[in-house]
Amino acid sequence: MSDKFPNNFIWGAATSAYQIEGAATGNNRLPSVWDTFCTIPNRVVNGDTGEVACDHYHRYETDVKLMVELGIKDYRFSIAWPRIIPGGRGTVNEAGVDFYQRLVDCLLEQGITPHATLFHWDSPQALEDLYGSWQSRQIAQDYADYVTAVVSRLGDRITHWMTLNEISCFTHKGYGVDETPVHAPGTQVNSKKAVWQTSHHALLAHGLGCQAIRAASPGSCKVSLVDNFCVTVPLSESPENIAATQKAFHTCGSNGGIIFPALTGAYSPALLELLGEDAPDIQAGDLEIIHQPLDYLGLNIYKGAYVRATDNEQGYEILDWPKGYPKMHMPWLNIVPESIYWGIRHVSDTLGHKDLPILITENGCAAQDEINAQGEVIDSDRILYLRQYLKSAHRALSEGYPLTGYFLWSLMDNFEWSWGYDRRFGIIYVDYQTQQRLPKASFHWYRECIRQNRVV
Ligand code: PNW
């Protein structure tokens, strides 16, 4: 196979609502848990908030022009629940819907296909106040009602839907027992079981959400979940290490309790054994709701965990990182390009979905970008990172795995959650003083990859 990507390969870029929109109080929007979290001292670096962010809410036309310049035909963004139903449940705010109608019309006019994530962590604060948001089973139904409101209004122009972004992040990092949770709402709960219960409720929301999308969509549509499972990667590709990697996949991070039920209809037995009394309560019928047919799977892949086979009882070892291991500008961002290839293989080999199309819905990195004397940002380190990961995606394609596209995270610098504006993931530099956008070297590099349909 040549180094070309398939002709219909999707080259895209991604963002999320709270991270770029700003206009936090505009047009009847009410606070999300992130608005509240940002006001708690020492939770977000420099006390940053999403109040203005990239002001995309007012500058979306400029941003769509930049997408055209980049040459992408697909854009992944998220819809903010607190704009559509500010109180979390009940009345729909048509002014909130209107913003997304204008955005999507603008995209479609430029021949860009919208891929909408229905939830990217911005739970309505009202539901947090009412019942502790993801701690309550009720949120699954309220989420499904919100989804119906969105899809019945926007389903004539959006056909690619993603239910929830990274369940593990907004549940297992939003609720905690011992450590202070790093994500909103940042709630201390009294047992690990209570944390697992929040992700179980999110899975139910995903399941009911899938049903709601299909029921409300006026025409055919594509439905998926966006997951960031822990990618176990063989230290070297011996048959023993590969087998060990598959075994380790079950209990790495929250894999066994999130991607397993979503794709196989059951929590991984290995995880349940490990959890014992910490396992969530699962009611009759829950797993059927959670295990919905998907049109494709969205994977956010940034890093991996190296594994090798061992002689001990569990048969594998997840390896520590050597002191000097190369990483990008985040403590967790170890450079493991093979994680794209192995992430795709785990869907096929470990989860048993050989033909399920896969979209890389996020891949990218933070770098210490600076504007030089010529007024440019030469982020060759980001290019180095991206090039290796894209080659790993190409390897999966060359071996016949059903990878259909790639969305780079992120189109532009944005509010990086608890890191605020201190970390930059964009291929477009944002000057937060002036809101000026400046395409970085990686933008021009990515445009050339898209133009040539191969990694350059
Ligand atoms: C994703 N980790 O989050 C999110 O979907 C984005 O909103 C975010 O901006 C982006 O990645 C960069 O962080 C992640 O610890 C959070 O491995 C944490 C991890 C990975 C992704």
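Each Cβ is built from the backbone N, Cα and C atoms, and glycine gets one as well.
TrEMBL annotations: computationally assigned, not manually curated.
According to TrEMBL:
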BINDING   Q19, H120, N165, Y302, W409, E416, W417  substrate binding site
ACT_SITE  E166  active site, proton donor
ACT_SITE  E362  active site, nucleophile
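Location within the structure of each feature annotated in TrEMBL.
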{"residue": "Q19", "record": "substrate binding site", "Cβ contacts under 8 Å, 6 or more apart": "G50, A53, C54, H120, S410, N414, F415, E416, W417"}
{"residue": "N165", "record": "substrate binding site", "Cβ contacts under 8 Å, 6 or more apart": "S16, S78, T117, F119, H120, W121, V226, N300"}
{"residue": "E166", "record": "active site, proton donor", "Cβ contacts under 8 Å, 6 or more apart": "W121, V226, D227, N228, N300"}
{"residue": "Y302", "record": "substrate binding site", "Cβ contacts under 8 Å, 6 or more apart": "N228, W332, L333, S339, E362, N363, G364, C365"}
{"residue": "W409", "record": "substrate binding site", "Cβ contacts under 8 Å, 6 or more apart": "A13, A14, N300, E362, N363, G364, F425"}
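Cβ packing within 10 Å was compared across the recorded positions E362, E416, and the lowest neighbour count falls to E416. Q19 (substrate binding site) falls within a helical segment according to DSSP. For W417 (substrate binding site), the count of additional Cβ atoms within 10 Å of its Cβ stands at 24 [all protein chains shown]. Under the DSSP three-state reduction, Y302 (substrate binding site) is assigned to coil, being neither helix nor strand. If you compare every pair of Cα atoms in Q19, H120, N165, Y302, W409, E416, W417, the residues listed for substrate, the longest distance is 18 angstrom.
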